[in-house]
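Student: Once you've had a glance at the structure underneath, I'll fire off some questions.
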């Protein structure tokens, strides 16, 4: 289990971190069959990300970390500009999970095991106010992962109340 602010998985190109080491150990040594990235409602890390100014450099450890979610923030702003800030944060909470799932595919040992159907990548979201949990699985074959523009498709979705 890896726990961090906003449940973000950085791209591999961002360099070594405890997150990267734990992922590599889990996938290559323990040979886990599933990775589940779980986010939650009212996430203060996502709120910090959404409040960050676009044109400023991250100025502390928190901002340096949540900056890993900039792609999710950009997608959120583009899709939800008509919504209030709280609704944009709820959207970004889920979008950041999906971006983290795509970022997992930037690790060659993960991408290789996913391609061979030895590893599945799942997203999850716990909504505190509704006491509900959603889980979905990324369809690797339908994903397009690159730095400029990435897209994803969900192949299975479950919902519990």
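Yeah, the Cβs are placed from backbone N, Cα and C, and that goes for glycine too.
TrEMBL: automatically predicted annotations, no manual curation.
Keep in mind the model is a prediction, meaning the values are calculated, not measured.
Sharing the feature lines straight out of TrEMBL:
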BINDING   40, 43  Zn(2+) binding site
Student: Just jot down the residues in the same chain as residue 43 (Zn(2+) binding site), at least 6 apart in sequence, with C-beta under 8 A of its C-beta; none if empty.
Tutor: 6, 7, 89, 93
Student: Below 8 Å Cβ to Cβ and six or more residues apart, same chain only. Which residues does that give for residue 40 (Zn(2+) binding site)?
Tutor: 7, 93, 125, 126, 127, 128
